[in-house]
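Trainee: As annotated in TrEMBL:
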- 8-230: domain 'Radical SAM core' (DOMAIN)
- R17, R71, T102, K163, R266, A267, R268: GTP binding site (BINDING)
- C24, C28, C31: [4Fe-4S] cluster 1 binding site (BINDING)
- Y30, G75, S126, M197: S-adenosyl-L-methionine binding site (BINDING)
- C261, C264, C278: [4Fe-4S] cluster 2 binding site (BINDING)
Amino acid sequence: MVEQIKDKLGRPIRDLRLSVTDRCNFRCDYCMPKEIFGDDYVFLPKDELLTFDEMVRISKVYARLGVKKIRITGGEPLLRRNLDQLIAQLVQIEGIEDIGLTTNGLLLKKHGQKLYDAGLRRINVSLDAIDNEVFKALNNRNIKATTILEQIDYAVSIGFDVKVNVVVQKGVNDDQIIPMLEYFKHKDIEIRFIEFMDVGNDNGWDFSKVVSKDDMLSMIEQHFEVTPVEPKYFGEVAKYYRHEDNGVKFGLITSVSQSFCSTCTRARLSSDGKFYGCLFATVDGFNVKEFMRSGVTDEELLEQFKALWQVRDDRYSDERTEQTVANRRRKKINMNYIGG
Ligand code: SF4
């Protein structure tokens, strides 16, 4: 039986984002800059990560509170060994209707088939450029965009529903919007352009680096005939458009210019097993891992999850100003712990 709960702002809980590792094989400046995450950086030891059994138990309890969707994030989730074993268990949980994975795509050829066989069907690939040189400068690992495009082709060929996410930074990769739209339009793959946000502590964000949805759209309309698409459901985070000629959809995610906190139904579990009600949380989250390891029952866990949700009042993006950004500087949870 599902118990419907709401947070302080009346938002139900629908989505759970599980970060399965804090490691990544890229060093993108806005997430894990190489100056900070260098060779001597100490990542979480194995016993600090939630085990798969713990994640499954958490997911089962959240399903009883109304969670229907689970998204696997990182770091880079494909670096977590035997991830297919987690997927195989999550797909069986009663009430969970949808499981997605967000990845940089580099290891899809290596692990894609196992994940598909385990029951995963939806993958979001984060790819911020299609030009090899621009992409190499972004990932700081000398990885070419064409390498990721091949991995995407492979994932599509084995049956995955793939979407591509692009974080757009002014003067860094905004010149990639048109060529990427052109490429993925012909591939019949949905691409979403995301306004650059001040996630984590190390991404050097300020308002001047944001390309707004309106600016992206007017750029796009100079090259393509597009029409808006009606939202599929209330609270859909992307504004969707369709290419007039072949009907392929693309999205613009207005995380800064038109925030969507009022419909944010996401709970997050960081790679070190803490609960967060918001991507921009500053206070250290409740330590679910320690709580579970102290021997609590499922009922106690459920009561704890309820209590955590019922006091949630996060709406950071709604309130974002120069001042709130300055106030939170250096205090947020880093993105490699909490996913995007
Ligand atoms: S800022 Fe926080 S509350 Fe608002 S949409 Fe983002 S994660 Fe949700």
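Using N, Cα and C of the backbone, Cβ positions are placed for all residues, glycine too.
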Trainee: Just to be sure I understand: of S126, K163, R266, which binding-site residues have a C-alpha no more than 10 angstroms from the C-alpha of C278 ([4Fe-4S] cluster 2 binding site)?
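Mentor: Cα filter at 10 Å returns R266.
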Trainee: Over the span of the domain 'Radical SAM core' (8-230), how high is the average pLDDT in this prediction?
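Mentor: Mean pLDDT across the domain 'Radical SAM core' (8-230) comes out at 95.
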Trainee: Please give me the binding-site residues out of Y30, G75, T102, S126, C264 that lie within 10 Å of C24 ([4Fe-4S] cluster 1 binding site), comparing Cα atoms only.
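Mentor: So the list is G75.
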Trainee: For the binding-site residues C24, M197, C261, C264, A267, which one has the sparsest Cβ surroundings, going by other Cβ atoms within 10 Å?
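Mentor: Lowest Cβ count within 10 Å among the binding-site residues (C24, M197, C261, C264, A267) is C261.
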Trainee: Would you work out the biggest C-alpha to C-alpha distance among R17, R71, T102, K163, R266, A267, R268, the residues that bind GTP according to the record, and give it in angstrom as a whole number?
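Mentor: With R17, R71, T102, K163, R266, A267, R268 as the binding residues for GTP, the largest Cα distance is 22 Å.
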Trainee: Cα distance, G75 (S-adenosyl-L-methionine binding site) to R268 (GTP binding site), nearest Å?
Mentor: 14
Trainee: Work out how many Å separate G75 (S-adenosyl-L-methionine binding site) and R17 (GTP binding site) at their Cα atoms, rounded off.
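Mentor: That comes out at 12 Å between the alpha carbons.
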Trainee: C24, C28, C31, R71, S126, M197: which of these binding-site residues put a Cβ within less than 6 Å of any ligand 1 atom?
Mentor: none
Trainee: For R17 (GTP binding site), what residues in its own chain, 6 or more apart in sequence, show a Cβ-Cβ distance under 8 Å?
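Mentor: Counting only residues 6 or more apart in sequence, the Cβ neighbours of R17 (GTP binding site) under 8 Å are I70, R71, T73, R266, A267, R268, L269, I338, G339.
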Trainee: Could you check which of the binding-site residues T102, K163, C261 is the closest Cα neighbour of Y30 (S-adenosyl-L-methionine binding site)?
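Mentor: Considering only the listed binding-site residues, the nearest one is T102.
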Trainee: Using the Cβ centroid of C24, C28, C31 as the reference point for the [4Fe-4S] cluster 1 site, which residues of the same chain not in that list have Cβ within 8 Å?
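Mentor: For the [4Fe-4S] cluster 1 site the neighbour list reads F26, R27, Y30, M32, G75, E76, N104, N139, M335, N336.
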Trainee: Using a 10 angstroms cut-off on Cβ to Cβ distances, just flag whichever of T102, S126 is the loneliest among these binding-site residues.
Mentor: S126
Trainee: Can you count the other CB atoms that lie within 10 A of the CB of G75 (S-adenosyl-L-methionine binding site)?
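Mentor: The answer is 26.
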Trainee: What does the structure give for the C-alpha distance between C31 ([4Fe-4S] cluster 1 binding site) and M197 (S-adenosyl-L-methionine binding site)? Integer Å is fine.
Mentor: 11
Trainee: Pairwise over Y30, G75, S126, M197, annotated as binding S-adenosyl-L-methionine, what's the top Cα to Cα distance to the nearest Å?
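Mentor: Of all Cα pairs among the recorded S-adenosyl-L-methionine binders, the widest measures 17 Å.
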